[in-house]
């Protein structure tokens, strides 16, 4: 509703008062200002420049040395340096230098903006004495209104109600304590000579007065040059209402209605509204009338604001203060009235009357509702800690009803810690409060600011709050709505990905490359995929009827079934487990539609789990979930290391059970359960965990030796038959033979499989081998003939050597036989074509760099397939390629020294570590035993002899075990049997606190098994974003200048990236890398670790260590409150930091002892710099 109000003519006394001479002694003369200087910076300076330009006058800026690159300097017609050699804030407080610049450049008038000198009467007086017009009230009025005590006295004289408070400024904490004793608490301390929330503290207890006074006075001194304070009683739950005034030099004063500033924090306004919504008209009229009464009483001229606290309980309002200047939120008064306050300020200073300006009260109407949000560079998630740095991205929210007032809001701008944190003011305008809020919410949603933290998430929560929309807020609104601080973190995906690409450009791959080969510039083509749902597969039987029915169906089939290992073991053996989900996901739908008759797709577990986090920077659980979505019809299979789950050592039993439960829920079906020593107690734990989770138990016999050689005394047919009997007895659904080294010769395969089939005719048999010797296809064909139901294969281009036998070869070999598979050779060919190209992307990990063919000497050294590849890579990388035969021989000797083990992870690592140890120390089997008591063995070897892996089938070799343990007693039972259960709830709570965001149960499980790897992965993902969406070549080696790529970060959202340039090294040891993202230029600074290694850098706080206390923002250390050796308690004050004219007290987050202090008083620090270290108690 539009409103208007007309007040009576001013009294003769007031007219006489306002016709006084200016301090220059001359009567008011109408004149035109040709040149106007703005004694301020940032957005308010630009705001005033715009008004000056529209009035066709010349604008003049001043700037400090710190503001040499600031936008306000560039927006003015002329700009001059002030305060050379002074601190950034002090430069703008240097009255003498500002006057000097104004006189030297023929300035007619000075506009002070807000803050800095805007309420300093001595500045206004100095202007007038220099013959320069001060655009604002007279010095006398400023002095009276700027002094809160004098303003309070004037209000009382004018008959305006005030809050009980001191009658004069105070300068000591003792005076504040005396007031508290007389009037009680709560009370509020205010800077006597400034506002904006600076130097303001609420005090609830008398014992808090001294510290609060010290902090507030110090802030006031820094911000306004005077630390005097004003104390008054604190009114509970008020609304903060202020009235905008304009007065001329002829005794006329009008109001531009009111603003509601109740949404505030630390007494600083955050969101302002005009007019005040849901305000009783009689309360509004009373405050408007009192504002005019007070202004006329003091002879107020130019723009000003009278502020009140409105007690909604009884409707009484209390005068707080007069702001004798333009205010930050003047914009919304302009929007609702259509009046340009700055232009009217200038016109009034030129001597024009309100009547000349057509500003009679009855002509000033409310035409709209408006809201202003102050977007600041503060982090609301960290208690609004000011942030500084370089704005990497800026995209504004605009459109109908939106106004932006800013200065440093552009990409590339540097936000310094020297000044106020205000970045941009967003003003919305509409016909109602709710519609204005909707426009504001939309503008905030559109706004993108990267590089510095902002309060936008907080503002969005405010704008969406029902109480705010219903206009039912008071000054307690923020304090009483903690959900306003629950934010959905900004994803910032584009910028994080650019940071990753820039990091690779400057410092090389984040994933260590094994060979000197580069990823090929190929784009693997996915064959055509039919539309609609894929054919029904074996998984439907499992899901509908359970594991027992699943096993029965498998056993009843005549055709040999296949497990495709291309998605896991094949690339573990050939490409160091480096194939990414990105490339698996692309081909997965084709597999789903064309290989529905597979027994399973092996795609998870084993080394895949930790390697995904460590080297591919992927979540293994997300891989499983993604592939499950793409392949809903084929059972998935994984490798489970018995009581070790997917780790390399034993875990508490509840970890294994929980892991299997989560795996089944995430999409896993078949668990090949094995133990590196065939240790039955470890196997049974894994089997039971799988069974209780509802998965298919595929218990595995890990094969070594040669059952076809009657001269071998270990690992003979009887050994394997006994083990098979135990596994069937323990409840396995499927019995697996896991030939991890490819030792199962065709003759032995026939003997072993036939014997098991005869003994257990109803149990499906699944055989796994590696083709290291080249006889893999022959062995699997013999297994099929002897009664095996399933064998493992890999697509042709990912088969052979240390991988599995060829899928195409086995399918072709069985064609026309009773065991003929149900797999289409044409589909295999198309599948193969994809992987022939995809494999070229992983050239940096290609095993054929060193291994050119299979080698039958595997029957001698018995090295498992994946380990064989890794050992060969290591030998060549160390320049020992010519000694690889020697390493293989050492492996065989190490195996014998350990007692001839079943060699599969982690027992194979024990043998491999011991082999390298023997080569390095020039030991053979005999000298190893002789010198065992004096040698420092690898950790894995010691843990094996301690029994940490379990008990080997033929016992530990003596005297080697006793000499390695040196008197320590080894385990004689299952390692995890006595381990206490892991508290998952506590771990989850600790992890969420450490990483700062909610975690899923699967994340907690990853940490339970691989704590260091999980922490590193989480930190990496937080820093670099969704790098799993990058094409593989780009992920591994980055981009070159002029390269382009497109990245699908989610459905319907694609980033187009082009690299533009690679910058030179700067003085900080950084390089600037330039990109184009979605057509907009962006740049990233990256520390060059090699070229910049001589650049001295301050130690950084470790965000994962609570005892590592860093500076929360850039700033200056004002006070250090502890010393080395002090014992501190949580929330004890450690140090005080000053930044952006705000003092922040940093408290101890934990109890402990101060071990190091890295800074001294008055030292400048950057955000994140290490300040204090605490050794936690």
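Even glycines carry a Cβ here, placed using N, Cα and C.
TrEMBL: automatically predicted annotations, no manual curation.
If you check TrEMBL, you get these features:
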type     : residues           : note
DOMAIN   : 32-483             : domain 'Biotin carboxylation'
DOMAIN   : 152-350            : domain 'ATP-grasp'
ACT_SITE : 325                : active site
DOMAIN   : 560-829            : domain 'Pyruvate carboxyltransferase'
BINDING  : 569, 738, 768, 770 : Mn(2+) binding site
BINDING  : 641, 905           : substrate binding site
MOD_RES  : 738                : N6-carboxylysine
DOMAIN   : 1106-1175          : domain 'Lipoyl-binding'
MOD_RES  : 1141               : N6-biotinyllysine
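Taking the centre of the Cβ atoms of 569, 738, 768, 770 as the Mn(2+) site, the nearby residues of that chain (Cβ within 8 Å, site residues left out) are 565, 739, 740, 769, 792, 804, 865. Put simply, residue 569 (Mn(2+) binding site) is 74 Å from residue 325 (active site) when counted between their Cα atoms. Annotation for residue 768 (Mn(2+) binding site): spatial neighbours 563, 565, 569, 672, 700, 736, 737, 738, 739, 740, 791, 792, 804, criterion Cβ-Cβ under 8 Å with sequence separation of six or more.
In the predicted structure, the domain 'Pyruvate carboxyltransferase' (560-829) carries a mean pLDDT of 96. Most buried of the recorded positions 325, 641, 738, 770, judged by other Cβ atoms within 10 Å, is 770. With a 10 A radius on its CB, residue 905 (substrate binding site) counts 21 other CB atoms from all the protein chains.
Around the Cβ of residue 569 (Mn(2+) binding site), 31 further Cβ atoms fall within 10 Å across all displayed protein chains. Across the structure, residue 770 (Mn(2+) binding site) and residue 905 (substrate binding site) place their CA atoms 15 angstrom apart. The DSSP breakdown of the domain 'Lipoyl-binding' (1106-1175) into helical (H, G, I), extended (E, B) and coil residues amounts to 0 helix, 39 strand, 31 coil.
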